[in-house]
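As recorded in Swiss-Prot, the features of this protein are as follows:
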| type | residues | note |
| --- | --- | --- |
| BINDING | ARG23, GLN24, ALA25, GLY26, ARG27, ASP72, TYR148, SER203, HIS321 | substrate binding site |
| SITE | ASP72 | site 'Transition state stabilizer' |
Amino acid sequence: MRDRFLRACRRQPVDRTPIWLMRQAGRYMPEYRAIRERYGFLQMVKTPEVAAEVTLQPVQAFGVDAAIIFADILPPLEGLGLQLTYEKGEGPVIHNPIRSPHDVSVLRSCDPRETVAYTLAALQLVKRELNGLPLIGFSGAPFTLASYAIEGGGSREYRLTKRFMYEQPAAWHDLMERLSRLVADYLIAQIEAGADAVQIFDSWAGALSPADYRAYVLRHTQALVQTIRARLGDVTPPIIYFGTDMAGLAGEVRQIGADVLGVDWRIDLDVAWAQYGFNHAVQGNLDPMTLFAPPSIIAARARDILERAGGRPGHIFNLGHGILTETPVDHVRYLVEFVQSYPLPATAPVLQEVV
């Protein structure tokens, strides 16, 4: 059953819980490090043959139930005119950040089929090698992309982003509308290139209060999902939405319109599922640090998550964030094998949904 992941996204019965892992292709793998010695990070992302090879590494090494394209959330911003580099020890840097309404007004229109064509080519290459195993495309969400564009890189306080929201609301919503259109176009292009599902990463949205998420973000994320569904109709593949520290935003997140909602490790899976509603599938939610623990602890934590899911159709096992750089490869393999061998209960539990 090579479609377990897609069936779980649609809350259909499966013979076992599917598993894939965010950042499953990464520095913890020696195969990845060997390639990284020869290429810069952006060079890897922008070279379709290399991105395809890296995408396939964890599929070949661990037998995960889905591949996710090797890419990054920020390169689509280059099409708008933002200048992006990755600095050693510093991460991504945007050299002309957005700081004024004028900066928003001069952003270019772009077609991701041209500006991010390398990722679409990589998707096509990977698709040919998967023999029916699902392939996941992805993008950053409008809020997270806006935050990077305004902060000029990573941030802990999001001070510039929040000030821009509060002080320049018209320019903020203009920016978010532009990014919503960009992300919709990009994800549709990925689907047309072969993606069987798409994930929207809202890595920083957990920094917002529910009131601010409703006022400044929700409608733009909804518009993104609605645009994909309107343009693709009945052939729209599963849409996954993921962010960290989102437990306080459950009432808002359940309104986005995604098929699958990602859950991080800061909340029990059954509690999150009840809050999100059982009309959604859920994905998660092992703490990535658990993979540094002995196998007995990995098994105990994974078993707890699987028992909380209880065999209810619609659970995809994943981490609550990406795999960390120094993670032992054998522990990743152990986790995948444990989840794939864990028997589903005969009947799903009766859980009370939070209204």
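For all residues, glycine too, the Cβ spot is worked out from N, Cα and C.
The structure, with features from Swiss-Prot marked on it.
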residue : record                             : DSSP class
ARG23   : substrate binding site             : coil
ASP72   : site 'Transition state stabilizer' : coil
TYR148  : substrate binding site             : helix
HIS321  : substrate binding site             : coil
Pairwise CA distance, HIS321 (substrate binding site) versus ASP72 (site 'Transition state stabilizer'), rounded so that it is a whole Å: 15
Cβ packing number for ARG23 (substrate binding site), 10 Å threshold: 18
For ALA25 (substrate binding site), the number of other Cβ atoms found within 10 Å of its own Cβ: 24
Cα distance (Å, whole number) from ASP72 (site 'Transition state stabilizer') to ARG23 (substrate binding site): 10
Cβ packing number for HIS321 (substrate binding site), 10 Å threshold: 20
Spatial separation of ASP72 (site 'Transition state stabilizer') from ARG27 (substrate binding site) - C-alpha basis, Å: 14
Candidate with the highest Cβ count within 10 Å, taken from the recorded positions ARG27, ASP72, TYR148: TYR148
Spatial separation of ASP72 (site 'Transition state stabilizer') from ALA25 (substrate binding site) - C-alpha basis, Å: 12
Between ASP72 (site 'Transition state stabilizer') and TYR148 (substrate binding site), the C-alpha gap once rounded to whole angstrom: 13
Farthest-apart CA atoms of ARG23, GLN24, ALA25, GLY26, ARG27, ASP72, TYR148, SER203, HIS321, residues recorded for substrate, distance in Å: 23
